[in-house]
């Protein structure tokens, strides 16, 4: 692979997708192994009376999802998914996880056989029938080797080049360490430090489950329980997350928990994230989740409550809810009217 | 040991000492293996025109260090250290670590041969000559087996019976698991959950080193770096703390890092502790530490800067500062005028 020029396409142009495209756009110019032209797939929509992709290419700014931050000119928006991916050696997925099945089916048959993917998507396909990582789903559907990136990454702070870290997980069975290092080059900058670990599931599962812990942290805040209690809640949640990861995924590595995708992401989510904030409001206002989402998130759906429900359905179908009392408490407080005080003790 | 009645003495009556005495005072009444009478050593001093110990015994409240919280009547203050410890089977140490040498020498020769100790002291004896845990020092000086307790424990929150956790570390070579469980009963309550691990060093070293991480977290806050950066700083600090623990102490167990004394204590200290707060102020005000301590802590000394200096002296004498770049950066920012921005990257 060493002498090949890699062409990169970003699938996604929301808030985080645009930040990732910005980093990639700068980085491809630093290394001769990458083609300088970066496609960014933009879902066709109108904004300020103009097609959003056209506006991005005219202004080199995504004024809808990342206003005020410039994009390098070698990042080119395109509303045609087939054109975006047909020559890509590296597909970088940065879209909400509920759009994954549709986007995958729209690109089937368009890809190079040698293409590979990197998923920045935090989420999980989990229901009573089973559990699957988003990267597993993409890899299986498109028949490409996948990698994953996750970390303590509030998008707007990375866009402002405030220091952050992330973790790239790869599968040693299908991706060499050299290739993983090449992918790392695509994302690593002095202000965005990307570590690599040979453990996709360890990286990805924490990014999905952390939001359940954040709900519990928010309940604790809503009850006015103080810093000891919140630290205890986070610690208990972390231990249960690890147990879950080890029980349902093979080859999880202990070191992964100490990377940015693990402990750091959980910490920042439990102090600064929107799941925490909405859960605090849930306890204080006693309103339904729908109303809180409308009021605090302009109607966007909360990830944590969705994941809590899905994990409950999955565990419940296997008679395993007793093995995960913390996750179960979060579920019952969120959906069955259980007293939020039961989160502790 | 099973049939013996254990008599307990608390050495210390400050803020945290009084909270621990309160818990112990309640717990000895719940189990027949403990004598109901609990001594609490109070350093003789005047408060509101009265000897503090006398006032505590009259009002069952430590109005100087824990006002507004009642103490059970079976906790009896005493200003005579010899009387306090001479019949004690269990000595519970809860004093600032700089007072340990003096208090130990004052009780030498007074103790039962069968006495054992539990240290709640967070600190470290560390200088260019070597490193020693506070519990090691006490055990060696008094020739008694020691145990240690540490956790995410802001004293006033525990006093208000807000839920918290702590970890009791014991040494399997000198203390049986039965005996450790008995000690656990002395401190565990529904609102103060005490776990046990056979790892004194793992429990204690984190309680001492966490304050260095908290300084770094405070620098990050002072610089206005946001939540990604702070999470990264905490994560890097945690990894270096673990490396330090493993390099200089034997038998450190991985599980200990996941107990309250580890990850939970670090988290709460980095968000709600006074080392964090003073470090933020250090960056913002550019004042010397002395002035900040006078202004924010009524002149009390900060633990983190002291530990940072001591750890630097210890590492420096061994040419090992390069192995601990994070600790070294905190030291240089704190004492050598290095730019706080260097904490990252």
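Positions of Cβ are set from backbone N, Cα and C atoms, glycine also.
Heads up, TrEMBL stuff is auto-annotated, nobody curated it.
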If TrEMBL gives A:12, A:13, A:14, A:15, A:16, A:17, A:99, A:274, A:303 as binding NAD(+), which of A:152, A:155, A:216, A:217 does it give for that site as well? A:155
For the domain 'Glycerol-3-phosphate dehydrogenase NAD-dependent N-terminal' (A:8-172), provide the mean pLDDT of the predicted model. 96
For the binding-site residues listed here, A:16, A:99, which shows the highest count of neighbouring CB atoms within 10 A? A:16
The record lists A:12, A:13, A:14, A:15, A:16, A:17, A:99, A:155, A:274, A:303 as binding NAD(+). What's the largest Cα to Cα distance among them, in Å, rounded to a whole number? 21
Applying a 10 Å Cβ distance cut-off over all chains shown, what neighbour count does residue A:275 (substrate binding site) have? 24
Counting Cβ atoms within 10 Å of each Cβ, the densest environment among the recorded positions A:122, A:210, A:274 belongs to A:210
May I ask which of the recorded positions A:14, A:99, A:210 is closest to residue A:122 (substrate binding site) if we compare their C-alpha atoms? A:210
CB contacts for residue A:12 (NAD(+) binding site) [other CB atoms within 10 A, all chains]: 24
